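Undergrad: Below you'll find the structure I mean.
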Amino acid sequence: MTTTTTPAASDLLKPEPAPVPADLVGERLSAVLASRTRPPKPSALSACGTFGWRALLKIKHVPEQLFDVTAFPVMMTLMFTYLFGGALADSPKDYLQFFLPGTLVSTIAMITMYTGLGLNNDIKKGVFDRIKALPVWRPAALVGMMLGDVVRYSGAGLLVIALGLALGFRPDGGAIGVVLAMLVLLLFSFSLAWVWNIFGMVLRTPESVLGVSMMVLFPLTFGSNIYVDPSTMPGWLQAFVDVNPISHVVTAVRGLMHDTVTAGQLGWVFLWCAILNVIFAPITMRLYNRR
Amino acid sequence: MTLGDQLAVEVSGLVKTFGKTRAVDGVDLMVPAGGVYGVLGPNGAGKTTTIRVLATLLAPDGGTARVLGHDVVREADAVRSRVSLTGQFASLDEDLSGTENLILLARLQGYGRSDAKKRAADLLGAFDLTEAAGRQVKTYSGGMRRRIDIAASIVVTPDLLFLDEPTTGLDPRSRSQVWDIVRALVAGGTTVLLTTQYLDEADQLADRIAVIEHGKVIAEGTSGELKAKVGGGALHVRLRDAAQRPEAARLLTAALGVPVTLESDPVALSVAVSDAEPVPAGLAELTRAGVRVSEFALGQPSLDEVFFALTGHPAGDDDAADDQPLTGKSKREAKKAAKKAKEHAA
Ligand SMILES: Nc1ncnc2c1ncn2[C@@H]1O[C@H](COP(=O)(O)OP(=O)(O)OP(=O)(O)O)[C@@H](O)[C@H]1O
Ligand SMILES: [Mg+2]
């Protein structure tokens, strides 16, 4: 048999003569082994799609994982609106107009951490060994998984928005504004997930991945303009809030939803997405290819 | 270029260290294409590390390794497209079903949607897993896991398959199923490189064996060559009547051409034999002369004895963390005992 790797349809028609072991399984086994099909390497896009499909299958088989994703935003929205709404604004309903875009961002930013967790689990279970030993486009495993997770982010986002509408959230930007805000947020979440991927690969246990991710994300979400207007904060904190990427995303999402967005606000978000992708994607790939 | 005139694996001076541990410490290996090549070694010998380097999952710290003619460092993708690895521990997505896992791997290797489905179904059928096809892999038994793991490695039939301890922890039935799978793979033209710490497994399955310990190859050859290195086996004969012993000794010396040792047991004698072939004729001589034999055994040196002779200690003896018993020897002895008992009864 020639062993060049050229994929050819004729390979399909070239069964290898194989003496059959004398049992039933052996017979069928020789039949599957006889197929020396070597299909052409899948395109980068198709490989990403396959990994994305896997992420979706996970949701089907482990629906519990959606519980965190849905319970958390519902809790946060209700709690902040009614617990603090009166104190932080004139009424819960007024506060909701301000707060809902922010809670949307914080909810989804939290969920992005699970991407790193899933990666860590794959490494521990040896799934990544199998994947890494395949001749596919290298970033496909990560990019595909992250794209699959975007579906999860969208689900949680829709839930928060639906809840907000039910509670009296009335975006001035209308449906288009909300959809655009969601798209910007998904782009940012995808970019942010690279950071958690690094933790997922460098740290040993899922607990430490979650712990470290929290440590990074908590100050970012609370030291932002999600919950209150930063003008009441001390100067040094305002300075932090001003450079915090989460603040920029919240500002843009709020602006798009209420139709007050400026090009500059959007520009900041795109800049942050670019920075996250340019810096953290290569680091992630480097770690992934390390052997 | 054909497989026949090249080596499947060509390793020289391979080194891989983890901190201070020299997991692989100058391994040389020449694995011919076709057949089964066994890498035998106790816990911590460096089997897994060696295989992971060959499967491009680890980069070596020294030495060179070529797999199917391609360098594992510089031509990793070419190696990846033609080899497959079934690791020591299951490496499938446990949350997904067997079918989904196989479809996933088929799609990633370029199968179209419907072809992938068909391939998955065919493989599950061949590995006797059709019933469990729709179940999550985490519900599978140890034997089923091993089988689906091997099935996952041959979604595209590889030219070279690495099997890292494919039968560790399996019951005898699952074990023999895995052996059948290996034999079928070889019959289909795939070269199999397997690691094992079971001496009888290497003995029965592998055409050639490399014995490794502490990251070094300490012996290499066919099972027969390894045994010869250690010295041949011995024919042990017990007679019914001690008075016939001198005659038996004379006859056997003549038939086998080697001196006979008279043992302290007055009815027992033994002959060192490097070759089993003349033994039946020698025994026939005894019967013809009316010497009554009560029992005999041809003691091939086991690979345990080989290991002992090569290292001065039994396999795995120096490994405190050894939690997997080496059943090779005990099994062999049980078999021998059963054979003896049969002959005794006859
Ligand atoms: N990732 C790692 N980090 C540190 N040390 C390692 C690593 N992998 C292997 N080792 C060490 O290298 C040595 C060889 O390990 P390896 O897993 O190759 O042995 P093995 O022959 O496969 O053993 P076993 O039969 O137990 O599977 C051991 O001492 C092990 O502790
Ligand atoms: Mg091992």
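Residue numbering: from 1, along the chain as shown.
Heads up, the Cβ atoms here are built off N, Cα and C, so glycines get one too.
Automatic, uncurated: that is what TrEMBL annotation is.
So TrEMBL lists these for the protein:
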DOMAIN    A:64-291  domain 'ABC transmembrane type-2'
TRANSMEM  A:66-89  transmembrane segment
TRANSMEM  A:95-119  transmembrane segment
TRANSMEM  A:140-169  transmembrane segment
TRANSMEM  A:175-196  transmembrane segment
TRANSMEM  A:208-228  transmembrane segment
TRANSMEM  A:266-288  transmembrane segment
Undergrad: Which range wins on Cβ pairs under 8 Å with the transmembrane segment (A:140-169): A:66-89, A:95-119, A:175-196?
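TA: Highest pair count goes to A:95-119.
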Undergrad: Mind pulling out the one from A:95-119, A:175-196, A:208-228, A:266-288 with the most Cβ pairs under 8 angstroms to the transmembrane segment (A:66-89)?
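TA: The stretch with the most close Cβ contacts to the transmembrane segment (A:66-89) is A:95-119.
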Undergrad: Given a Cβ distance threshold of under 8 angstroms, which distant residues of the chain, six or more beyond its ends, lie next to the transmembrane segment (A:208-228)?
TA: 80, 84, 88, 99, 102-103, 105-106, 109-110, 113, 116-117, 120, 195-196, 199-200, 237, 240-241, 244-247, 250-251
Undergrad: Within the same chain, where does the transmembrane segment (A:175-196) have neighbours whose Cβ lies under 8 angstroms from its own Cβ atoms, ignoring anything closer than 6 residues to its ends? I mean 6 or more beyond.
TA: 101, 104-105, 108-109, 111-113, 115-117, 119, 146-147, 149-150, 153-154, 157, 161, 209, 213, 216, 245, 249, 252-254, 256-259, 266, 269, 272-273, 276-277, 280-281, 283-284
